[in-house]
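Participant: Sharing a structure below in structure tokens format, with a few things to ask.
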Amino acid sequence: MEWWASSPLRLWLLLFLLPSAQGRQKESGSKWKVFIDQINRSLENYEPCSSQNCSCYHGVIEEDLTPFRGGISRKMMAEVVRRKLGTHYQITKNRLYRENDCMFPSRCSGVEHFILEVIGRLPDMEMVINVRDYPQVPKWMEPAIPVFSFSKTSEYHDIMYPAWTFWEGGPAVWPIYPTGLGRWDLFREDLVRSAAQWPWKKKNSTAYFRGSRTSPERDPLILLSRKNPKLVDAEYTKNQAWKSMKDTLGKPAAKDVHLVDHCKYKYLFNFRGVAASFRFKHLFLCGSLVFHVGDEWLEFFYPQLKPWVHYIPVKTDLSNVQELLQFVKANDDVAQEIAERGSQFIRNHLQMDDITCYWENLLSEYSKFLSYNVTRRKGYDQIIPKMLKTEL
């Protein structure tokens, strides 16, 4: 073999193949240049937010309350209550009162937990809190009226609040979550443990999704999975509305999968449901790369999560999903960095203290726009912390 080391043939082959290899590298780099440039621009423009006093989300509160800077009158509030756009609450003398009716008691209980956490520092006020899935105040409605909702699009004036699901009343998924997903602080710990068991290098590189067909926007991913199962593993599960295989695109429903078991996969998909999806925040804590489909529906913390910085944005019709998956597979280090930034953001800025802090800041700012003194309504029940309810 010594002749090969100094052979003119070897030199000729090296000179012949080197330009070809360089060309392939250049071609590969240029193929993904649009995505790489987009990531670099997004990182250059990104300003990390402070962890102090949940100030990360102050801009959301300011924007949501802007329509009410002219003041909220007693007459306006009476109209909101009359129209039954949500559950009416009053705070007087650091006590919380509520009308008798609540459409979803566990959801109201989840909301009340956080208000009671900060009740001692809140001024008198009253508000209507919508615990339905859908926002109530479209922008074409004039004048804007104050209704609190957990999720909305840019077409609504609703005031976003941290959803009840951070404490209780989350979506029940039979049989794995029969009473809902449970407390966010405890679920965080489970997901972080699972992420540690499945570091990036051990994760399956097939894209993954399990969920019910709450929106047909999910259909293209399911169909892509059936066509190319090595690229995507996506199946529909049952929900309460399931009646036949028509509701799962002609195939039997898949078994539900615990969210902690999603951490085995590098690429996880988040879609809107009826409104914003409750799974979004959970997926990040797997340390996986989140593919977020569409950008219309928001919860209060969404605006600080930035595309290309914390997650991969996907067009609503999924027309670019195959190209995006090919990109992250070809640029594994880049994909891992985005996944790590997304995970760190949720770990650092969406702790339970941040939720409580947001509630306090939101209600304190909102109360400044009430142009009248609140009078407690007769017949309203005082809401007492659950730990005290065993006294009787």
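Just so you know, glycine gets a Cβ as well, placed from its N, Cα and C.
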Participant: According to Swiss-Prot, which listed range is motif 'Prevents secretion from ER': 121-124, 249-252, 365-368, 389-392?
Facilitator: 389-392
Participant: Going by Swiss-Prot, which one of CYS54, CYS56 is joined to CYS357 by a disulfide bond?
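Facilitator: In Swiss-Prot, CYS357 forms its recorded disulfide with CYS54.
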Participant: ARG218 (UDP-alpha-D-glucose binding site): which of the recorded positions ASN40, ASN53, CYS357 is the nearest Cα neighbour?
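Facilitator: For ARG218 (UDP-alpha-D-glucose binding site), the closest Cα among ASN40, ASN53, CYS357 is found at ASN40.
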Participant: Can you tell me which of the recorded positions ARG279, CYS286, ASN373 is spatially closest to ASP133 (active site, proton donor/acceptor)? Compare CA atoms only.
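Facilitator: The answer is ARG279.
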Participant: Can you grab the distance from ASN373 (N-linked glycosylation site) over to ARG279 (UDP-alpha-D-glucose binding site)? Cα atoms, rounded to a whole Å.
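Facilitator: Their Cα atoms are separated by 40 Å.
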Participant: Can you check which residue among the recorded positions ASN40, ASN53, ASN204, SER277, ASN373 has the largest number of Cβ atoms within 10 Å of its own?
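Facilitator: Neighbour-count leader: SER277.
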Participant: Taking Cα-Cα distance, which of the recorded positions ASN40, TYR177, ASN204, ARG279 are within 10 Å of CYS263 (disulfide bond)?
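Facilitator: Within 10 Å Cα-Cα: ASN204.
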Participant: Could you pull the average pLDDT for the motif 'Prevents secretion from ER' (389-392)?
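Facilitator: It averages 35.
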Participant: Using the alpha carbons only, what distance in Å do you get between ARG279 (UDP-alpha-D-glucose binding site) and CYS108 (disulfide bond) once rounded?
Facilitator: 20
